[in-house]
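Structure, as structure tokens:
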Amino acid sequence: MAAVDLDVQSLPRGGFRCCLCHVTTANRPSLDAHLGGRKHRHLVELRATRKAQGLRSVFVSGFPRDVDSAQLTQYFQAFGPVASVVMDKDKGVFAIVEMGDVGTREAVLSQPQHTLGGHRLRVRPREQKEFQSPASKSPKGAAPDSHQLTKALAEAPDVGAQMVKLVGLRELSEAERQLRNLVVALMQEVFTEFFPGCVVHPFGSSINSFDVHGCDLDLFLDLGDLEESQPAPKAPESPSLDSALASPLDPQALACTPASPPDSQPPSPQDSEALDFETPSSSLAPQTPDSALASETLASPQSLPPASPLQEDRGEGDLGKALELAEALSGEKTEGVAMLELVGSILRGCVPGVYRVQTVPSARRPVVKFCHRPSGLHGDVSLSNRLALHNSRFLSLCSELDGRVRPLVYTLRCWAQGRGLSGSGPLLSNYALTLLVIYFLQTRDPPVLPTVSQLTQKAGEGEQVEVDGWDCSFPRDASGLEPSTNKEPLSSLLAQFFSCVSCWDLRGSLLSLREGQALPVAGDLPSNRWEGLRLGPMNLQDPFDLSHNVAANVTSRVAGRLQNSCQAAANYCRSLQYQRRSSRGRDWGLLPLLQPSSPSSLLSATPIPLPPAPFTQLTAALAQVLREALGCHIEQGTKRLRSDRGGPEESPQGGTSKRLKLDGEEKSCEEGREEQQGYIRDHSEDGVEEMVVEVGEMVQDWVQSPGRPGEPPQMLREQLATGEEGQSGHAALAEQGPKGPEAAREGSQGETGRGVSLSSVSWRCALWHRVWQGRRRARRRLQQQTKERGRGSAGTAEWLAVEAQVTRELRGLSSAAQRPEAEPLLTFVASASQVNQTLTVTPIQDSQGLFPDLHHFLQVFLPQALRNL
């Protein structure tokens, strides 16, 4: 327990942080779940193992360079069993010898003098260093919030200059690109020995013009037709001698570094006797903009992933062993898996400086992952990913066609990372986000980029390519294409992107880069666009493989959070803080957009799905649950109306005087929403509230629609088909005051009589007690008392009374709760939307950081409560 207490740190605003795993939890139950989880237990066991190994190990130096691990093992076995010997393979100046037990180690240290081959050995205890987690990566959603980056962007004259500056801070330096070329040349030389005629092609971030510091090195090993005798092609041209000498990495280090043993790992950087490379190096920056401010040189041993320093030396690999392994594998596994294993064996035994080789045959595109020790690069090799090579070249062509593409993509990638929208699992990949930006630029008026179909028609004779049955033809030279006539500034394009994505129908349409338009999912389309395509909450078609939805992994929650975050950003982009440089030294332009989101702001963008029911009944029940079951004081509310009659409507993107009006923005968004959804969707309530949390804007009215300053919030009438709810004569509890729901119903009936029905409802709620903590225990106790009194099963009214009683008990009152005079514990806005039948909860005042716990409780409690009502 003492060790656990040392690993756990209590946070000043509530919650706990596990210093071992670098994980933050909101409460004690979440902490207990983490401490009992696989990741934490694995690191605890690994730390104990490393400590035990250190107590059994000695540091040995002074032996000749030709001494190998077998000779050291034989010498130290005179004192007792030897568990392992790890040699310094780069210089051969020291070794770490792990004895079988602590007693044997003490016997070694008690020997006054050690001699091997006429040389006196220096033997001393291995220095113990503090354990560091092997997975000490930067946290998810890390954003460029360093003082240096803030200063660099704040000094730019306008938003466009900030975006260009961000590209310079994030992209690879020339030395880093040269280093990657050297690694590719090394791979080409080795693989040619096994597969004459093969070609190693880099793809992905390394060549698509959107590279960042520390990005992986993706390689495609093109084996061609190995059955035919072909002359071996020349390896990729290595950099000239002058350029190689100018590089911070001596090219001889790549060619002369001894091959790493299978699965071997370098000594841990926790040791003071860490390896010292002959080449000058410093840390390669990770994939965050902060890294651009560091030195643009090579990785130091301290920046490499930690590994166990006690690995048995298995000797040098050679070509014969790799071929023997390939022969053995070919009889046991399929041809594809056997070839993948052979590539892994070649990387382990024959490529200098490569370690941590892992084959992943179960991936969508099977790969072999590896790490390269001298350069600090991580990468993978694939055998059947020719399509990705053409995708990378297509992205590079797009960046060459217009100089605004790269700043826009870099900015939006950085923004999405800070909002927790991009990454692995159910999040958007960088590739999907880049394609989303390109599709947006194709749909401008006039277009910034041509469609894939237009590029295919302009492909020359030598540029006609077909891969796996898909047409990948497009010009390779951007200079032969006409430039775009669209001259909009970067700041305007960024604001338009946020506004348009927030109103696109991501589920009901397929965003096609080949056609440059949104194709309705329910329509009849040619089979070549649909065969094998997996639809989901977000549908974004690959430009060449038309059966691949690059956003198929995105969940409905992430898609909703993407659109809510875009709407919040669009609202901010209409403010003066975005448009003009602050004279008071405040963050302006891109800086508020790139700040990392707090857990509360991420949750506020996550909608809570509501059960299917007529919207007016649903909102009435929702207000009843908030007020009576949970004891929320509803201070005020707003409603949004929709007109059952047609007619001209003012664009939600409009406004005068102090609001920025984006040319072309209203037209594209309005037309897209009317064509794809049949109605106009507005998120301005949610967006304003999110920017209150994320940007810190001072908003006097807690909810307002775009309109003229000083005027009351404008009621946006949304054009919808007349539905069942619009004729029911009930609007849900807007404008609630002391009179309760009756007053709200009266007002809504009058408006319904004028042909207007409700579209969304919002309430401002205040809580003075933590009514979500201990609720299950209190409910169980009340249910037990009810059974003892002989009462039957509870109906709707009885259920509501029980929940109200639970709330009163949690508040420590015996009668109906009355509002205390102290400040509320938590204030939030609950906004119900009829568009997607969801509820968005946004914190307004949360001094103790309780909103994540409340939001987690509401996600489970509210849908169940509404079903009971």
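Including glycine, each Cβ sits where the backbone N, Cα and C put it.
What Swiss-Prot records for 16-46 is zinc finger.
Sequence annotations record features per position, and here Swiss-Prot assigns domain 'RRM' to 56-128. In terms of DSSP helix, strand and coil, the domain 'RRM' (56-128) has 17 helix, 27 strand, 29 coil.
What Swiss-Prot records for 111-147 (among others) is region 'Disordered'.
If you look up Swiss-Prot, you'll see S205, N391 marked as ATP binding site. When secondary structure is read from DSSP and collapsed to three states, N391 (ATP binding site) falls in the helix class. Sequence-distant contacts of N391 (ATP binding site), defined by Cβ-Cβ distance under 8 angstroms and a gap of at least six in the same chain, are F203, N208, Y431, D542, P543, F544.
If you look up Swiss-Prot, you'll see D216, D218, N391, R413, Y431, H548 marked as UTP binding site.
Annotation source Swiss-Prot lists region 'Disordered' at 252-315 (among others).
Per Swiss-Prot, the feature compositional bias 'Pro residues' maps to 259-269.
Annotated compositional bias 'Polar residues' per Swiss-Prot: 279-290, in sequence order.
According to DSSP, the secondary structure content of the domain 'PAP-associated' (490-548) in residues is 17 helix, 10 strand, 32 coil. Per Swiss-Prot, the feature domain 'PAP-associated' maps to 490-548.
Residues annotated as region 'KA1' in Swiss-Prot: 597-869.
Per Swiss-Prot, the feature compositional bias 'Basic and acidic residues' maps to 637-648 (among others).
Residues or ranges marked as region 'Disordered' by Swiss-Prot: 637-686 (among others).
Summarising the annotation, Swiss-Prot assigns compositional bias 'Basic and acidic residues' to 660-686 (among others).
Annotation source Swiss-Prot lists phosphoserine at S684 (among others).
What Swiss-Prot records for 720-755 (among others) is region 'Disordered'.
According to Swiss-Prot, the phosphoserine annotation covers S748 (among others), on the basis of similarity to another entry.
Residues D216, D218, N391, R413, Y431, H548, recorded as contacting UTP, have a largest CA-CA distance of 23 Å. For the binding-site residues D216, D218, counting C-beta atoms within 10 A of each C-beta gives the highest total at D218. Per DSSP, the zinc finger (16-46) is made up of 17 helix, 6 strand, 8 coil.
Within the set of binding-site residues (R413, H548), the lowest number of other Cβ atoms found within 10 Å of a Cβ is recorded at H548. Across the structure, R413 (UTP binding site) and S205 (ATP binding site) are spaced 13 Å apart at their Cα atoms.
Each residue contributes its Cα atom, and for D216 (UTP binding site) and S205 (ATP binding site) these two points are 7 Å apart. Reported as a whole number, the C-alpha separation between H548 (UTP binding site) and S205 (ATP binding site) equals 20 Å.
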